[in-house]
Amino acid sequence: MEVPSPPREGRLRPTLVLATLSAAFGSAFQYGYNIAVVNTPHKVGAGPRGCRPLQVRSRAAQSSGLRWGHVLQVLKSFYNDTYFARHGTPMDEKQLLLLWSCTVAMFPLGGLLGSLLVGGLVDKCGRKGTLLINNIFAIVPAILMGVSKVAKAFELIILSRVLLGVCADGEDIGIMPCRHLLQCPPHVPGRAGSQEPQGHSGNNDEVFVIVGVFLAQIFSLQAILGNPTGWPVLLALTGVPALLQLLSLPFFPESPRYTLIQRGDEDAARQALRKLRGWADVEDEIAEMRVEDAAERAEGRLSVLNLFTFRPLRWQLISIIVLMAGQQLSGVNAINYYADTIYASAGVAAAHSQYVTVGAGVVNIVMTGVSAGTVEWLGRRLLLLVGYGICGSACLVLTLALLFQSAASGLSYLGVICVFSYIAGHSIGPSEYPPPAPRPGAGHRRIRECLRGPVPSVVRTEIFLQSSRPAAFMVDGAVHWLTNFIVGFMFPSVQEAIGAYSFIPFAGICLLTAVYIYVVIPETKGQTFVEINRVFAKRNGVEIPELEEEATGAEPPASPPAKETSF
């Protein structure tokens, strides 16, 4: 009598879980940690040896209540002290401001450079090999930052931030290889779409970003590592997850899909699948990969240049640019990079601002969970509109609180509430993390099942069909890192020049983005990819006859990971 095989649904293999943790800690976690770690607590004192305290020279900054005065960040103090030791004179305030802006902005600049490198590296070294090589860009800067104080060289911190940006290019160097390594769990024959743990692995990216941010805020407490003696260790901790990944990842198999389709090694792909899935019969999945490979070759892919010149996708392309630019230019990373400065501007004592920052991290975690739990109930469009509405309103009220807090001391608490409200609004709607491209080669319905992450990630994936999705995510990643760089580099100078009014542009961008979403972006909840693209086809003024066949069929042919050349 034939012994029935154990049920496949709901089984989560330890190999898959450990591989997920290893890959996510080496990529998404790095992004979150290094976004927040430069926002170290302030110290109060007369400044570095031989240096006078930094004074606010901007009338706008003084009138808005910005109190830099005797407050110096730990790293800024190190920069100033190092400069004084070299030249015998304190660093000019504008020079220090520019140097600190460069330190912050080098991280997204490195992310942009990393996105340019990943395509060839993934094709040549494989998904797992790319992750292993990527650890170099975390371990080396961790060492450099750890010795920067002893070496009395702040230049090492700036260089390390560039390398860390390359490492944290979560869209491809980190997350996309993780996607190819882990895959979505297999499609069970006879079912329209397996509902196994794939949704959970799709959420890992955002979860680990938030964990990285929160741990950076905890370790940055002055009582732990956010002090003049502990900050080198604080910065160097970014090498720990990279080291763990470097030691653990070699024990996990290479992506079965990459092994089969790009290396042509069917036996190795079969062994990898058996190790990841936990059962011996993987022939259905091997056959599915081959079908997807043939379908992708027949369907082809649009290049980035073709995407910009292809009229049927004009409004979809504009939409992802607006969504990502609005996501970053709405001011989220100004909050992340300069939270302590904003709290000081709102009248929070320097010794207390570090705990307010941790509280903001808790709000971020809670509201991201709320967003993930309600996106399929409330819809993507509504969450985006509500999120941008909250962010824009918070920026306006924060501006008023900063302007009039000298007349009413209680307004300083209102400023903190505004920051918390902004973080809550951004977490439930716009989010902040560059989403990974879905697994190339996944069928349309199976891609939809994996979409349980940040709201913009869901929308951007749903408005493109498979053939144009890789090019669309190339544009998406480039816009993310570029606008992130602009905000990180420009915000300190803007805040110095116009003080509390520096949040007015963010409010305006939130308003404009919300208007665009309301007018152009359709609600994608419960809609098929074909139905969504028909809405955009009308706006683009074109007919897409090839969608007729897809609309009448059960599910379009799935497509495999041919060459990955996206950012």
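These residue numbers are counts, starting from 1, taken along the chain as shown.
Cβ atoms here come from the backbone N, Cα and C positions, even for glycine.
No curator has checked TrEMBL annotations; they are predicted automatically.
Per TrEMBL, the features are as follows:
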- 20-525: domain 'Major facilitator superfamily (MFS) profile' (DOMAIN)
- 546-567: region 'Disordered' (REGION)
- 12-33: transmembrane segment (TRANSMEM)
- 96-119: transmembrane segment (TRANSMEM)
- 131-151: transmembrane segment (TRANSMEM)
- 207-225: transmembrane segment (TRANSMEM)
- 231-252: transmembrane segment (TRANSMEM)
- 315-335: transmembrane segment (TRANSMEM)
- 355-375: transmembrane segment (TRANSMEM)
- 382-404: transmembrane segment (TRANSMEM)
- 498-521: transmembrane segment (TRANSMEM)
Which of 131-151, 231-252, 498-521 contacts the transmembrane segment (315-335) most, counting Cβ pairs under 8 Å: 498-521
Beyond the flanks of the transmembrane segment (131-151) by 6 or more, those residues with Cβ under 8 Å of it: 23, 26-27, 30, 78, 114, 121, 125, 157, 159-161, 163-164, 166-167, 173-174, 177-178, 181, 231-233, 235-243, 245-246, 249-250
Beyond the flanks of the transmembrane segment (382-404) by 6 or more, those residues with Cβ under 8 Å of it: 63-66, 326, 330-332, 345-346, 371, 374-375, 411-412, 414-415, 418-419, 421-422, 424-430, 455-456, 459, 499-501, 503-504, 506-508, 510-511, 513-514, 517-518, 521, 523
